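Encoded as structure tokens, the structure appears first; notes follow it.
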Ligand SMILES: O=C(CO)COP(=O)(O)O
């Protein structure tokens, strides 16, 4: 049985004050059990959130990191720095980072391995563009991205990896993938993982869907056999909506 996991990706939204307000509002809501919950906040809000989320079910995540522990990498944040403030998850290879910040399959792989070495759980993002989808290349693209990201990861380490399938054309557009289509692609990702890690390990990996997930549609994704949760942007920004997403994932 794979435990469902709902992760909010706040992207470049929320000051420290906003983040604290979110945490206060979450605390007023009833706790939801049985679903792993993560908020991936901007770096500047992580420390404050680590404290503010105490007593909630929500674990802390970052949205990116460098793969080195330290060094002359101006503007970067290392896995050690994230660990120190209580971060447990880190999004790796989000399509916005691949598109705007030159993230490559190679850097995604380095970061995935570095996260695992430091006891951080990577949420590794894969997904095709609209052009690739229309050219019938979805399976090839997500297969290549998945294999590259997980190259050199051990079977034991794979247990700490979460994959997020986010079709680029569905992100922030309101155009979500149908749950059946998302399920089909996620099944492909799982079979690609099985080729390298074996059936048993692949069957245990959690794979989320992301792209215009809302409280109103999360249940339809969760009803699919291969989908184990959601990585949510816009709809994770208010406590009310985030809790509804978590409830919908049970
Ligand atoms: O990119 C996403 C999560 O990482 C999805 O964003 P939206 O939920 O806003 O479409």
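Cβ atoms here come from the backbone N, Cα and C positions, even for glycine.
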Residue from 47, 151, 191, 212 that TrEMBL also lists as binding substrate with 9, 10, 11, 172, 233, 234: 212
Close in space, distant in sequence - residue 11 (substrate binding site), Cβ under 8 Å, 6 or more apart: 63, 96, 233
Binding-site residues compared (9, 172, 212, 233, 234) - the one with the fewest other Cβ atoms within 10 Å: 172
Site extent for substrate (largest Cα pair distance over 9, 10, 11, 172, 212, 233, 234, Å): 14
